[in-house]
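Enquirer: Pasting the relevant annotations from Swiss-Prot:
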type	residues	note
ACT_SITE	D443	active site
ACT_SITE	E446	active site
ACT_SITE	D540	active site, proton donor
CARBOHYD	N195	N-linked glycosylation site
CARBOHYD	N378	N-linked glycosylation site
CARBOHYD	N397	N-linked glycosylation site
CARBOHYD	N467	N-linked glycosylation site
CARBOHYD	N477	N-linked glycosylation site
CARBOHYD	N576	N-linked glycosylation site
CARBOHYD	N844	N-linked glycosylation site
SIGNAL	1-33	signal peptide
Amino acid sequence: MMGSPPAPPARRLGALAVFLLALFLAAPWGVDCGYNVASVAGSKNRLRARLELAGGGGGAAPELGPDVRRLSLTASLETDSRLHVRITDADHPRWEVPQDVIPRPSPDSFLAATRPGGGRVLSTATSDLTFAIHTSPFRFTVTRRSTGDVLFDTTPNLVFKDRYLELTSSLPPPGRASLYGLGEQTKRTFRLQRNDTFTLWNSDIAAGNVDLNLYGSHPFYMDVRSGGGGGGGAAHGVLLLNSNGMDVIYGGSYVTYKVIGGVLDFYFFAGPSPLAVVDQYTQLIGRPAPMPYWSFGFHQCRYGYKNVADLEGVVAGYAKARIPLEVMWTDIDYMDAYKDFTLDPVNFPADRMRPFVDRLHRNGQKFVVIIDPGINVNTTYGTFVRGMKQDIFLKWNGSNYLGVVWPGNVYFPDFLNPRAAEFWAREIAAFRRTLPVDGLWVDMNEISNFVDPPPLNAIDDPPYRINNSGVRRPINNKTVPASAVHYGGVAEYDAHNLFGFLEARATHDALLRDTGRRPFVLSRSTFVGSGRYTAHWTGDNAATWEDLHYSINTMLSFGLFGIPMIGADICGFGGNTTEELCSRWIQLGAFYPFSRDHSAIGTVRRELYLWESVARSARKALGLRYRLLPYLYTLMYEAHTTGAPIARPLFFSYPGDVETYGIDRQFLLGRGVLVSPVLEPGATTVTAYFPAGRWFSLYDFSLAVATKTGKRVTLPAPADTVNVHVAGGNILTLQQPALTSSRVRQSVVHLLVALADDGTATGDLFLDDGESPEMAGPRSRWSQIKFSGATESGGGVVRVRSHVVHDSYAPSRTMAIGKVVLMGLRSAAPPKGFAVYANGVQVNASTAVGGAAGSPEKGALGVAHVSGLTLVVGQEFDLKVVMTY
């Protein structure tokens, strides 16, 4: 039947394969295959075509419903780096992702200049993407103009029915194309593996399950090509903007989309670098929201805290152990009978909770609580009564849909209804008057439902069953019925995958309105563009060594999806962790963008101070994280303005190194901080891959690896240590470790200058108050400083300069750089000393040299610590360090 994967096209291995592929694409397809092009109108960058069902017969796979007989295709080069191709019913409107979810140009706005009989190729001198339509049978290709590399090459067997759409694109031979993305799933590898099906239907399935559809839907992939006509490391992106359920089948030499509704709305992003792809992608879907500075600290949570005294004991335990604790969280335990916007009057009464939160705030700490979408059906519950009065709940069969979640019977707000967002905002504001929480965690928003609603009509059980839960369960399983009706008559069938996005947006906007400060929202369910409003965590993982590794894969995937504030439950959520696993997990988790310890009720407690070995690891790893806070926050600025992930795969910085394409046991923070964690029990070493260049330890600043080509190195990994290195060519801004970020921000600044092999280095620093709603906006105060370093006079002189790009944040004018660490110095002979000049004036700075012993480079001088400086961050400076002989 047509629902099966098509036979993959020939793999282009040699002239015979090319010839056979040409025959395949030129074959006279019968009535059961695809469409023909009836007419074309176009200009050089816009095209419109009418497609008609081939042969006039009954079409393909009649068991899936009748084919739509006439289709409309629009293609437009919307920017120099973005191509939009949309295929829909020519005669009847169909559901599409709403404009207010992803604001985007209408295809019609690009088609005014088209003319009948226009060309069948879109190509401009400024765009690297070329679109070509082939007429009989219909198919289309997307090509990189600069190299001729075919990026997307559809086969002629397009299927378009009311509730089943299928399209296949061939791919280069396995080994040339490396694909990443298509989530949300827990995957064993970051790079997608062939012969796998990626199902997109938001579901409450624990993240400890591998290869199943989880909480979010992101029909986007990045393709990085190696060798061939495209050149090494050229990347592009493909988005199918569709909120309906789907299976995406990656067969190695092809990718097939099987979608149960909506339209085929494709966007192609030219890259060619991986960073350029995410820049172009987030230009369309929206830039990631700026996160408050404090959210980059360490967070502690547990499902199962018993009362306020339990919370107080945890906070005290961290303080006594001298382990940073930025944010305390509570799960649903704090609620009165699990009802949103309430406090348990016995265990978490307001007269105990308010002083507890006030004490956190006085100590520079924050408090976050969970809320769920289900509103308990209870006429004595004010939130329910107000929701009923405003008529904002999801409908089914003419009435409010009745589900069951933690508080029992519930109704669910319909966030497509404008009144629902207003209702939500008022409830949040009223709750914050009782308890001034600093952020909100929105959970169970797939929507999760403890009962399976029976099918009401055909859309509850469509003719094609996607691979829901890995066993093709009905789409109503553990959620609300697909036949439920949203505001405006929208079926849940179409809007299901949007619920988490819409709730996160409403929560973000409510916090912004109530506090006037930058919101912090953590959402379990996400969709394309959710990063504009929310952070995400990987969900209910398991306390296993496998999940420790898999957390890196999910973290890197969400960086591609435009949600850079991402992390996993440290030490594992489900099941009992072990001391060794927890120790190694905090070593990794300290470098997640979002770093939180969280565990399930009934499992062994795992606060980081409970085992001394874990506490040692936590102090060491979190101590380094807190020193790196200025760097992490600057990466947040980069993410907010360009879409760049905070945590990145190695190929983002080294796209020409094919060895990096399969690496998912290490990752980069930004462009040059490499984290190489231990991921197996009993290990005392770790084998890490180092791309070409110089790599310095971030613990003692010594040169650890110097290589002209990438190589694997076995490193010591003592029980309390995670290997973290910085690549030569980077300048990092550090501050002094403390137990809260507010204390860190008051400390002196250090510059780490890691010189590349050519003696140069660069870096950036972004500063603001960490909580203004805008980050680098016209109404906010902020400073941006660029640093550069270079050796002169054969290496005997090192110059470090700053350039103030923007300076309206007053504290930058008083922040002092007290030390500059120069890493990677070389000298033919040891110098007698150093002379230090600031802005041309010699200063009385102290200089110490060390770290040359055991260096992998000849002539290595090691590390020079230049202390006693008083350089002002917000004022440009020119620091010159001269070796004297």
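Residue positions begin at 1 at the first shown residue.
The backbone N, Cα and C atoms fix where each Cβ goes, and this holds for glycine too.
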Enquirer: Going by a 10 angstroms cut-off between Cβ atoms, which of the glycosylation sites N195, N397, N477 has the sparsest surroundings?
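Expert: Fewest other Cβ atoms within 10 Å, among the glycosylation sites N195, N397, N477, is found for N195.
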Enquirer: Hey, what's the Cβ neighbour count for N467 (N-linked glycosylation site) at 10 Å?
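Expert: Here the count is 20.
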Enquirer: Over all shown protein chains, what is the count of other CB atoms within 10 A of the CB belonging to D443 (active site)?
Expert: 25
Enquirer: Which whole-number value in Å describes the distance between the Cα atoms of D443 (active site) and D540 (active site, proton donor)?
Expert: 11
Enquirer: Cβ distance under 8 Å to E446 (active site), same chain, sequence separation 6 or more: which residues?
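Expert: The list for E446 (active site) reads N202, S203, D204, Y215, T479, F499, G500, R524, S525, given in order along the sequence.
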Enquirer: Pop the Cα-Cα gap between N576 (N-linked glycosylation site) and the residue listed as 'active site, proton donor' into the table, whole Å please.
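Expert: Here the two Cα atoms are 13 Å apart.
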Enquirer: What does DSSP assign N477 (N-linked glycosylation site), in three states?
Expert: coil
Enquirer: Can you figure out which of N195, N378, N467, N576 (the glycosylation sites) comes closest in space to N844 (N-linked glycosylation site), comparing Cα atoms?
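Expert: Given the candidates N195, N378, N467, N576, the nearest one is N576.
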Enquirer: Within the chain of N576 (N-linked glycosylation site), which residues six or more apart in sequence place their C-beta under 8 angstroms from its C-beta?
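Expert: Correct list: A543, T603, V604.
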Enquirer: Same chain only, sequence gap of 6 or more: which residues have a CB within under 8 Å of the CB of N378 (N-linked glycosylation site)?
Expert: K339, F384
Enquirer: Could you state the whole-number distance in Å separating the C-alpha atoms of N195 (N-linked glycosylation site) and N477 (N-linked glycosylation site)?
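Expert: Computed Cα spacing between N195 (N-linked glycosylation site) and N477 (N-linked glycosylation site) is 25 Å.
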Enquirer: Validating a neighbour-count step here. Other CB atoms within 10 A of the CB of N844 (N-linked glycosylation site): how many?
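Expert: N844 (N-linked glycosylation site) is surrounded by 7 other Cβ atoms within 10 Å.
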